[in-house]
């Protein structure tokens, strides 16, 4: 590993990408401590046990409870991306047309997503500031008024726009997917505080139950290790489909008559479904705070509270649904079958074309079922465990956080590895 890290530093291009990414993350962390004007941030400390805001605060690296200019984080962008991707499924013909236009279409969709993020972010900023102030008994906003609320909403929206730009810069000039890296950094930044809370609760206040608390912490560590191993296994696992190439096929990637494999990941969607599910389940509750307490908003708060049995089921269902959705965004069976046919390749015992497409689709459905159930279980189990063990509420999203942190780390390592392999260096993973 140390040799691999040394290789990173030797290659100027990779070294510059890593340094650029780190500098952007430093900017992100600094922005998390710049407060929004006209806000008494001390009031928010009383709200840190509320799960809806706790999960947003974790993803933002503490920016929410600081009510900083980056308080909303990147969630409005993720929500906008979900909606735009769903609308591409023959809901909005123009979006569907753009999605089939290659790079040009992707640029148009990306630009529209940016605009939609600004609109969505502004609405969410108004709802969040108004709702937070109501929950704090009017003590959060020091100078309440239409002008103040508009100013706060503009500042928060600008913060989200800045993070969106920052993520794009990391993607273009740094390492990994910029948006995922920002979420990764936010989660990692909050780990010391969570550890400190667990230590204070389990050891400092343990009294004559210290031994029992030690056993509990050991169980927690074993559970974390099991989750880490499980996530790595699922993220790396592939199903190899045997592919044969006809003799005399000039376009095949291997000599005619030989066989190769088409690898399909057990979880081709990665951690994106979890991020999407978090954005989807927190947005309604955040917006509901704008309308105060009534039967409808109380129902929304209950339904989308992932610590409540109903909300837990909704959260798991969202993860499963988004895993299927994004798996077929990442893997296109029709395109795969078409490419194999053009290259003279076929699955033994299966006709090229439609039958090959159906076989790949069937395999992908089964693989995604395993991957989606795994993601849902890992995200939900820690919530149950925390409630049973009486751990701090900040640990409730431990499974979700681990999924994202490990998933993003693996994807980033793969990208760095590919950069090293191109330059004839050996990477992290053995081949």
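The backbone N, Cα and C atoms fix where each Cβ goes, glycine too.
Note that the coordinates shown come from a computational prediction; the quantities given were computed from them, not determined experimentally.
Annotated range for transmembrane segment in Swiss-Prot, selecting from 288-308, 309-329: 309-329. Segment annotation: Swiss-Prot labels transmembrane segment over residues 262-282 (candidates 241-261, 262-282). Swiss-Prot assigns the feature transmembrane segment to residues 390-410, out of the candidate ranges 348-368, 390-410.
Proximity of the transmembrane segment (369-389) to the transmembrane segment (262-282) is established through 3 or more Cβ-Cβ distances under 8 Å for residue pairs spaced 6 or more apart. Proximity of the transmembrane segment (64-84) to the transmembrane segment (214-234) is not established, fewer than 3 Cβ-Cβ distances being under 8 Å for residue pairs spaced 6 or more apart. For the transmembrane segment (18-38), the list of distant contacts is 8, 60-63, 66-71, 141-143, 148, 151-152, 155-156, 159, 162-163, 166, 169-170, 173-176, 178, 181-182, 185-186, 189: same-chain residues at least six beyond its ends, Cβ to Cβ under 8 Å.
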